Ligand SMILES: Nc1ncnc2c1ncn2[C@@H]1O[C@H](COP(=O)(O)OP(=O)(O)O)[C@@H](O)[C@H]1O
Ligand SMILES: [Ca+2]
């Protein structure tokens, strides 16, 4: 065959391949647009009004008017300045004001035409639960003020409310399993399948004022009070979920201070084995007893000051934890968590987030470490004196730094002795994010309230299917391969050229 002829064949083959590729791409795009309405990025906002601080989470997904079931990811988060909204008892309007910075940031990210259709939710957790117990009208007026502020923006405001502990636990569990695709998984071939039941993870959330545990137990939940029934994508789940109010990290450590204060000989300086040597923490008795989680002494002078003086005694610190966590009462033995609460045996893998993660991350123990290393790391950390510790960690806020020792021992007490992970320690991972999205209750809350997790299987998830891209990439690679093959055949058969 002459060289000119070969060049013509080669040219024609390449042109044919190029044309087919372009036609295939155009057809697939056209198909996408005619079968479904055009996809556009949609947004949703959830405020997590926690006991210690408020954060805004901005989520995004691809959706169209008919079907809002795209895969949701976190676009941005924003920390509200100042403390949690429950701290604004003296000035509720300032709680509303505090949200403006983050609302402005979210507004700048969301295109103007889409703001009106962006749902916004505010969920408050244990800090507001406690305030409501103390003074319902104050809690209501704070919710009124945050509502007013959010309503002054042109979003689709869907309400500010206090979540129950069970909701908080269940939505955290939904978030984790949604992000890990444990409910429904998108395969390479473009199918949505139901993964094996064993891959459902449990959720452990340690807040400042409450702590939650949620998982699917092996056997049916015995008490309806702690059962949460869900149907997601046509499959039923029975979740055990329990929230311990007053057993978040900060309230637990406050209980410990109150215990030490009440059991000490009357003096203004009290030894604290969980604080580092050289670290002194002073509080007024009004502050120490300002929470419904601690029982006030009969007579006390609110303006008196007590100073907790750190002794950095790791083993004593650990043993003190059993004075604030009741590990002995259990009417339903052995099915108990702590404080006599019903809990079936833990089952499967767990993700531990929020203050569990912050504490273990600081100690270099996240996402996982063997139990022996965890115990020795905590001991070494607790025994460090305050001067060394602050010099080693100049960027860490003192209020966090002084409490990692106490938090770590509290965490080990509730995990090992409360929830009884003593034989299944390696099932727990300490995590902050999955797929660049923060783990917490907010995503699960939004998915539920916007009906983005259908209960029936037929309304399966849409979004830009992996399979479509996979097919296109496959086709292009195949076309290139064909082209090379033709070149190869032509030249191998006539090596002169
Ligand atoms: N960087 C950090 N290091 C240590 N602890 C942290 C850090 N950031 C947040 N926390 C703790 O995480 C917890 C978050 O609780 P929060 O969500 O505010 O309360 P709740 O969920 O009980 O309403 C608090 O105890 C807070 O002190
Ligand atoms: Ca929280």
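Placement of Cβ uses the backbone N, Cα and C atoms for every residue, glycine included.
The active site, proton acceptor annotation in TrEMBL covers 168. Cβ neighbour count for residue 168 (active site, proton acceptor): 30 (other Cβ atoms within 10 Å of its Cβ, all protein chains included).
Residue 208 (ATP binding site) falls outside any helix or strand according to DSSP and counts as coil. Packing around residue 208 (ATP binding site) is summarised by its Cβ count: 23 other Cβ atoms lie within 10 angstroms of its Cβ, all protein chains included. As annotated by TrEMBL, ATP binding site applies to 208, 209, 210, 211, 212.
TrEMBL lists 469-492 with the feature transmembrane segment.
For residue 168 (active site, proton acceptor), the nearest of the binding-site residues by C-alpha distance turns out to be 212; the candidates were 208, 209, 212. Taking the centre of the Cβ atoms of 208, 209, 210, 211, 212 as the ATP site, the nearby residues of that chain (Cβ within 8 Å, site residues left out) are 51, 125, 126, 165, 205, 206, 207, 243, 244, 245, 247, 248, 249, 251.
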